[in-house]
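Features as listed in Swiss-Prot:
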{"type": "DOMAIN", "residues": "212-231", "note": "domain 'UIM 1'"}
{"type": "COMPBIAS", "residues": "225-240", "note": "compositional bias 'Basic and acidic residues'"}
{"type": "COMPBIAS", "residues": "249-262", "note": "compositional bias 'Gly residues'"}
{"type": "COMPBIAS", "residues": "263-278", "note": "compositional bias 'Low complexity'"}
{"type": "DOMAIN", "residues": "276-295", "note": "domain 'UIM 2'"}
{"type": "DOMAIN", "residues": "303-322", "note": "domain 'UIM 3'"}
{"type": "COMPBIAS", "residues": "381-396", "note": "compositional bias 'Basic and acidic residues'"}
């Protein structure tokens, strides 16, 4: 495994707004940078990758690091603007590589070019010769079919490699092609031995991610796919009315039943079982969220007496069992005598002149000092005195 520090140059000029590479050049370039970054970091755990932009004033977004998340977060903040400045970008990338921490790392620059180059071929060739002396390899990904770009870039790569060198590469991606697929089969990913991109293809691991190397990313992708599947199933259930037969089911008549094989029967049984479990789950959720509205009275239409009676009934239902057993143990004579005592108490209260006087004072529109009220209260006092005299004579 080769120890290598790599600077990736991101073309973010206004030409990256074009949609000739679906959905836009900028987005497919991000996919290609993701692929290159993961390839370099997985080939050796000590490798480092940096990121910089090429438009207008060249900017270094991330210095050399082994944290792929940092590269991805910086890359997604890039917006297209201005024109590409390829020559300045390559010089600054070389300066960043010269200040790498691992001096035993080989130096490599990966440049994405999707804009017309405004530099002369001679200037780029001179820069290529300087990079060759410093033992810096450059890989260029050219896309967009801009005039003489390929001729200028080919001369640049040939000056880097010399007669026998093969360390630098040029990959041209024509319109209509997928940039990441072209990179997968290129020497930039595969390497000189053709084994650099092992494990990055979508057919090797699920979602194109090795769970042994990045278990968190693999788990996140798996959970995301499961949530998407559940969301699609719920949308299909909402689209189909309740009780409607599934498409292509029993609507085919008897011929469809006779022609179905064991596999179809097993799939139909599995679907019925899933539907049954789903129905039971929905029923349980409905029961758990259901409120007993039918058992609750309408307090708005109840009188005060009805509300008091309902409150007393609820308090009796909430009372402990001991009070119920104590009431059951009471003799029947007490129950028979209780209403009489209540009646006697009520008669005594009604016949109390002081109580009547207080009630009359609180009644609206009643003058307790009027002659009629005084006569009524006085008659009650006379009746009370007569009753008390009669009781005293009976006792004697």
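Each residue, glycine too, has its Cβ placed from N, Cα and C.
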Average pLDDT across the domain 'UIM 3' (303-322)? 67
For the compositional bias 'Basic and acidic residues' (225-240), the number of residues DSSP places in helix, strand and coil: 15 helix, 0 strand, 1 coil
